[in-house]
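Annotated in TrEMBL:
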type	residues	note
REGION	342-364	region 'Disordered'
REPEAT	53-94	repeat 'WD'
REPEAT	94-135	repeat 'WD'
REPEAT	137-178	repeat 'WD'
REPEAT	260-301	repeat 'WD'
Amino acid sequence: MKQIPLTCSGHTRPVVHLDFSGLTECGYFLISACKDGKPMLRMGDTGDWVGTFEGHKGAVWGVALNESATLAASGAADFTGKIWNAVTGEEVHSLQHNHIVKTVAFSHDSQYLVTGSNEKLVRVFDLNSDGKALESYAGHAGAVKRALFCRNEKCVISCADDKSMRLWDRSTGQEVSRVEFSSHPNGLELSKDGSILTVTYGNCTAFYDMETLTQLKEITIPTRVSSASLHPDKHIFVCGGEDFKMYKYDYITGNEIESFKGHFGPVHSVSFSPDGELYASGSEDGTLRLWQTTVGKTYGLWKCTEPTDLNNSTINNSVTTTNNVVSGVVTPAPNNAAVSCPPVSSATAPVTPTPNANREVTAN
């Protein structure tokens, strides 16, 4: 069955980073970073727009949601990292830096925020004390692209334009391990259970044991890859890069399962949803797209049904034949976005399902 993504419009410049919340009583949420300077919050399973965070005065390069989707963070070209109340949209903290902030990430308990910037520094802020900077790690010789908490929050892992990935011990502030690459690493993701680190650089997607930082496997992709995401169950991973395509691979064998186009520009960021049912991508074309992990499954705005014949009396039974097709109609589901999670601001950013309700999903 053909993969047809849902397209979320609203941004006016390239979408450079995405992040999902954990599963909450309201479902789960998705935040996007864009060079238009306006991070957007959406329902994760449908792409329905929730609100826009207003306040940055420059391109936003990195975003994050905490597990409960009550806090959002953003890092921007205005030399600030901002913390937002994700329910009301209010700015909670503005964390001043001395250069462009490229990456932000929450600790699991939401008490701390790690940032990385063009200052070549990694910082940790205490969000319970007016955003005070507690820790600063110096050592990178290039702009820090990504930084994450790891090893039960006892360490921070970062990658930078100096072609290195470094592990920092928070108790001592010292670098304890380093991995060198042949080109700039630009994507960094920790698996849901914290055991596997996914890194992208050049044409490669590599996976590392988080405890030992030994490489588990490295897979060459047909294009320069910007971002990759491992499924929560660790059986597949997806990635995207310069050739506008999305790629899906078998994590165990390293074999490519499929690839497909949808974006009209390079793919900058990809991420699996917390339940693994879909993955999101952000692109130079200014859109987010949501892709089904299992094509044809009824989920979110996707509803797969077998069409009846003209007399509405029999079901097309060509499913088992290879020369015929089974069709599924993508039907917008009722808008059941949780009323207890109000929009964060009044803005007019539409969510445009693609395809529309009259277009069919077909497969051999």
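Placed from the backbone N, Cα and C atoms, the Cβ positions cover glycine too.
Here the repeat 'WD' (260-301) is broken down by DSSP into helix, strand and coil counts: 0 helix, 20 strand, 22 coil.
Confidence in the repeat 'WD' (137-178), given as mean pLDDT, stands at 97.
According to DSSP, the secondary structure content of the repeat 'WD' (137-178) in residues is 0 helix, 26 strand, 16 coil.
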